[in-house]
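Taken from TrEMBL, the feature signal peptide covers 1-27. Annotated domain 'Peptidase S8/S53' per TrEMBL: 214-473, in sequence order. The active site, charge relay system annotation in TrEMBL covers Asp223, His255, Ser426. Here TrEMBL flags 798-874 as domain 'PA'.
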Amino acid sequence: MIRIPRVAAVGVAAALTTALLPLTAAAAPEAAAGPGLPGPARVDAVTLITGDRAVLRTAPDGSRTTTLDRDGVPTSDYLTRQHGDDLYVIPAEAVPLIGRGFLDEELFNVTGLVAQGYDDAASESIPLLTVATGAAARRAVPVPPAATRGRALPSAAAVAFTAPKEKAAAVFDELTDEAGSGVRVWLDRKVSATLDRSVAAVGAPTAWAAGLDGSGTKVAVLDSGYDPGHPDLAGKVVAAQNFTGTWKIDDRHGHGTHVASTVAGTGAASAGKHQGVAPGTELLIGKVLDDSGAGQTSWIIAGMEWAVAQGADVVNMSLGGATTDCTDPLAQATERLASTTGALFVVAAGNDGPRRATVGSPGCAPSVLTVGAVDDAGATAGFSSRGPVAGGPRAKPDLAAPGVDILAARAGGRGDDAYVAMSGTSMATPHVAGAAAILAGQHPDWTPARLKAALVSAAHPRQPSRVQEQGAGMLDIPRTTTQRLLGPGLVDLAAFGWPHERGETATREITWTNTGDAPVTVELTLDTVTGEDGRPAPDDMVTLGATRLTVPAGGTASVPVTVDSAVKLPLEAYGSFGGRIIARDTTGGQEVVTPIAFWVEPKTVTLTLRTTDRRGEGPTFGSTVEVTGLDDAGFQRYYPLGIVEKTLRLRAGRYALSGFLFSGEPGTTGNQGVPASVAYFGDPEILLDRDTVIDWDARTAHRIRVEGDRPTEHQGVRLDYGRWWDRWLVTGGVSLSKYVDEVYAAPTGKAKTGGFEFSAAWRSLAPELSVTVAGDDSPVPAEYLPLSPDLPDSHAADLVDAGAGSAAELTAAGAAGKLVLVNTTSATTARSAVTAAKAAGATGVVLAHDAPGRWLPQLTGGGPVLPTVSVTPAVEQRLRERLAAGPVRLGWAGIPLARSPYVYHFGFTADDRLDGDRHLKYHDQQLARVDADWYTQGQPARYHDTVFVQRPYGVRFGIGAYQIGIPTPLDAPVTRPEFYTPDATIWWHGAYSGVYNSMDSNGPVTYAAAGTGSETWYRQPARPGVGWSTGGDRAPIAVRQGRTMTVSVPLWRDADPDHVGQAAIYDSGRMELYRNGELYARGRNDQPGYAQLTVPDDEAAYRLRLSVQRSPNVDPAWRMSFATETNWRFRSTRPTDQSYARLPLLLPEYDLALNRTNQAPAETAYPVRLTGTGQPGYDAGRVVAARAWVSYGDPVQLAHVTDWVEVPVVRDGDDWVARVDNTPAAGRYVSLKVDLTDEHGNGVEQTIVRAYGVP
């Protein structure tokens, strides 16, 4: 084998995947891999609403693999999507429900669910919202009986409820009855929390001097609660309510206290120095964020409804969720309340800047006052989210306020610690809420819309700042309270669609309101209007209908503003435009700002895609089409489920098109049966400068087939494409189960810029089943149901007709010892029939279904309890005709998957047009061969192994390897040849001893040429190991930078030094650091292999202790190495520079002569060969001293081993050999403890419970 640089393994089993990533995004992990220790290894399990469980394994270098199972059994039918760091895993049955808008795709964002604390370790239920629209909103919003009902949320036409994870599948089945009824199911997403000189900067003291401090008003602060004991908030809170499910209102996060004091703090803890903006207002505190600073959507909606009911004049929401198109329940409820009640909602824009179109929800809602953040100099903070609103041309934010290093009350802080500085649009928002309270106190009769207009009108534009960054400009309270002339606030003038014909203009009246008792005359000027590129627009693009205006006392006056979209513009300017109209009082007393915005659509063409499957219908199942802009890296996907023709409106330019079209079997329609084939279509570069029609007809695609010298059938296929240009890569793929028989492709040519590749990879084993009618050997097409047991080795049995498979029918048919032909209508009735057939003593079940096509239901609970094969209705009819004519006996042949004597991994690539079919025939001598030796622990065992595949372009962009099919069973001990196509493909072989235990892998490998190698799996002793960095090198396990020691140790490896295993779900352990003999620090128990520890500068003697315990009751195949403890001894001082210094850790290596069940002979002087190597980056030199001890018995924990016996150890060259008397361990196990010292004086003591067995 030739090992290549390792790449991130973002693996997804049996999945459709798409990722659009810039090269810079991939470069960051590579830089972080300098020390090789960016984070801890972890395993997260997440139960999805469908009842499936996604297991996300994250290595220390950030690489990820994901698998899906139901009831502990792997499943292959699901799609995935990767968008940045978010990884979506979507079971196939949910795909059409997402496409129809019934299910929220965030229900399947596995990384997002983990980040929100919805993984199985953190939550026993899934929080959901059902939202009704249209006619459905006029009836009671349904909640499934298996779920637990929560709050009704009238403002969102929604009901919150939770689905217990053990009942998730039942809840999902009940929910699907509402599909198409106007009800939509959302994840109850968590929304996160997004002062002295800042208060002065917005002019609050000037308002106070005028007697304006918010007295007589109420401001609701919806946040993480407040500190009732903080002096600055004493007596300020008139009502409080907790919506998070806990009983205390106390702020244990700190965000809510900081925000509340910025609004209305008295400054009592600082003798009045650090007052809030409106110290006279009363506070309503709604705790909608928990003690981690996150809150569910339903909590926040309930909090808003409560605030309105409490009579709040202003509602401060220093919180926000992800960027959305503003159709989510939180944005819709906020807009409804903001536009129909008497409260002004002041909402943070979000902290996702400086990218455009990043305003979060609910800050995107039109009627709320959305606040961006500026620094001390008035410049837009880098983190502050920018407009326009995603999915539409509406401009946001409305204005800005100070949000960098804002000093305000600290929760729990007293005396010198009473205040703390924070940054974010969360800090800017309460400045505006406080200003709104001051204004509401001054004008109690003003509506929320007028308050909003007044605040925006009085803002102070800071140059240079664009409307999409700061709206009108920075908050200015003195102008707000003294100006009597108001503009309308931020105005979206128009949205111009392409084409822009001469004379195409839009005119809108801008109205100013005079609230004073004397007329006001103003000069109108148009501040610089900028386009999408940030440069000034042509002067004649926007014109004012007048430059002078008189607004009568108590009245209004308007001026038309005209936009001409047909002016000549550079291509990069098209998109969002913004500017400000300044109305200056001719007497110099007032200056009113009216921000304006408009949208000018770039040159746009239509692309009509006609997609047809091999039956001549619209594609079905998991079909997808992806369109990527090569000029702007824009990306969109749609699901052409049953759609023959789809028209897209696109900006003119260069595009890459790709799609996977699934086809059903002949004789079926729609989603009947299972997919028979998939065809890849792609054009890596097409210029769309006019309306274009493209036909993708799967009947014209070219078939790709592979085979080797030995008979095989594939157990999984992986198809991928990659298109890279400039610094971007778009890649997608699909992993196919063994039931998809045919693969087609139709790439249309080479890329003109950058590169393109289509690839396919197969994993093939010996054929597992062929069925014939005994006597005439006529074939009976049949397939095992998923996870079916194998038919017995008798290879023949009589067939009888058992109807629908009831107990009575089975008895009447004489089912005992026979194959029974059963026709059922659903997976539930099939499961019952198979269970009854087993009870009747049947040999197996031949399962049929009346609907056209193959029927392969996955029976829950680990698959069918009896060997079960499926036949089509046509085959069923022929069998019944044969039975009517007389007795029928069926014979079968094949090799069970778990006993396949060989496995092939084939690869195919193309970077250009395919002009015909490809039938690839590989001879064994043309392939790379690995003779794999699989060991077990004391007795035969069933493992599962799998292969992930990656192409070289993924290395450059940090896209990982993807799984082919699902793990296949493997009965061990066994030695078998494993073949690989020799090319640049990167293979990553993984193995599981049990579904709940960690995946062990050999790291990425490429086979550049034919040849033969060897490899061992699960050879003892298992213990902590060394992982792989993102760049492909062995990753150090411990480094020091300055005073920080970072340790990240993979908890497992077997005897092969290239193997590494991640932690299993039920593994536990602890890391401790001793300094000069005393316990100094501990790592976290939930991350036993990872710790970041701060130590003093001076040199000291250290001992790093890592203990690991594997549960003895989870995996019956794991019977050895239940516990390990490793103590590293070394000296360390602060490095002389800021580079990462490798700590001098010594790693023990063992060489044991064991049989394939990891047992050693019962000898009196059994040799245990020992040596040591330094961790990557540390040259340990020779081992200069070695000791060893053994213990005998059946312990499973280290504490159970007390009778250690030291054994003789002698040097043998560079190694040491311990001589162990194995005879006392006959029928039991030998636990082993060794102590090694290297030539530099650093050492290690390692203990392994049950290191090997003795027969």
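Placement of Cβ uses the backbone N, Cα and C atoms for every residue, glycine included.
Curation does not apply to TrEMBL; its annotations are automatic.
Residue pair Ser426 (active site, charge relay system) / Asp223 (active site, charge relay system) shows a Cα separation of 10 Å. With DSSP states grouped into helix (H, G, I), strand (E, B) and coil, the domain 'PA' (798-874) comes out at 22 helix, 17 strand, 38 coil. Asp223 (active site, charge relay system) and His255 (active site, charge relay system) have their C-alpha atoms 7 Å apart, to the nearest angstrom.
In sequence order, Ala193, Asp223, Ser224, Leu289, Gly293, Ser318, Met422, Ser426 are the residues of the chain that are 6 or more apart from His255 (active site, charge relay system) and have a CB within less than 8 Å of its CB. Its Cβ placed at the centre, Ser426 (active site, charge relay system) has 30 other Cβ atoms within 10 Å. Over all protein chains present, the Cβ of Asp223 (active site, charge relay system) has 29 other Cβ atoms lying within 10 Å. For the recorded site, Asp223 (active site, charge relay system), the DSSP three-state label reads strand.
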